[in-house]
């Protein structure tokens, strides 16, 4: 079996991670004690990817939970599925990172990282053939960003040929916890560009907009945001957890999605969007799902795909539906909006279908786009970073932990390079096509 080892770091990472395990345990028919109560052999066929079968037929998540303070871990442990995790896999410090990337990466986090790696090794040894790692974390705080990226680089050293996949929650000015988020996020992206194979950018701003506009929630809570994140995570991992042909492992997904190694930041989307507790009962048609899925308002990253072009796209449809109809609809989208797909990668849209829909829905679709418009997110981050860094605001918190200003400058220029690379491929055309692209701002339908 091709196993995936899951890591969650920091408060945000542990909260969305715990929610992810609730959702997929439910989809695989596993109750909070780790016992299988399902009704479909498909649920068990690839259960080993995410779960270890322990004695007495119990299924235990291949998950390592990390934090620099005990608080969030305690709430995960006392949460709905808290008892399903292996107790030894909770690794936590007492000091906290105080939203300081340097503490997570160089001081506090560096002290804890070896005990985390011990647990990771132990989990990796129980794997038959480990395909890679996935990390849930946020980029705005101290632990998820600083220690999360430290873990990534340490794991990279030890398992250089395994795929590294992250679900990274990107800070946004509208939903801000901390004034130093732009520093933490820029320093993290500096690491992610070099050390991960696939990063799903999940953006609080986009999640808030979805809650306000589409779900009509007047005061969205983190619970509502996490509900959206877990639906998306469940969707993008469907191909890895259920039998299927397309993108059935992390490496195949990377091969299909990443045309240039640095450009591996994906924009996820989900349809139909439903709020917690009120899953819609009206059946959606395949055309509606396809239309919604490509709609800018459904993207989980606050970038408008109409401002850029898709390098590659993967779509996952779930539920009982006609493959023929799915293929027709996907072709239809590409033909109608051909200017939004780069013409120098033919067949750059791939589609997978899985029979088992998520709970409460007849069918759903998940979207993974590698779009040049993601540069908007990095630009936004970079502008905020520069505004503070020019004045050296708050820098003493970082230099006090032994960091050098040079590292800030490098991170800043690496991020700006990333933006220019996206721009370069957005403008590139196939030679014979010339520059005859007219960019309309019409709705992508």
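Each position is counted from 1, following the chain as shown.
Note: Cβ is positioned from N, Cα and C throughout, glycine not excepted.
What Swiss-Prot records for this protein:
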| type | residues | note |
| --- | --- | --- |
| BINDING | 11, 69, 138, 142, 143, 144, 204, 226 | GTP binding site |
| BINDING | 69 | Mg(2+) binding site |
| MOD_RES | 438 | 5-glutamyl polyglutamate |
| REGION | 421-445 | region 'Disordered' |
| MOTIF | 1-4 | motif 'MREI motif' |
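What Swiss-Prot annotates, mapped onto the structure for a quick look.
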residue	record	DSSP (3 states)
11	GTP binding site	helix
69	GTP binding site	coil
138	GTP binding site	strand
143	GTP binding site	helix
204	GTP binding site	helix
226	GTP binding site	helix
* **Cα-Cα distance maximum in Å, computed over every pair in 11, 69, 138, 142, 143, 144, 204, 226 that the record assigns to GTP** => 23
* **Distant-in-sequence Cβ neighbours of residue 204 (GTP binding site), under 8 Å, six or more positions away** => 169, 170, 171, 172, 174, 175, 225
* **Least surrounded among the binding-site residues, given as 11, 226, when other CB atoms within 10 Å are counted** => 226
* Let me know the model's mean pLDDT on the motif 'MREI motif' (1-4). => 88
* Structure fact -> One residue among the binding-site residues 138, 143 has the fewest other C-beta atoms within 10 A of its C-beta, namely 138
* Residue, out of the binding-site residues 142, 144, whose Cβ gathers the largest set of other Cβ atoms within 10 Å -> 144
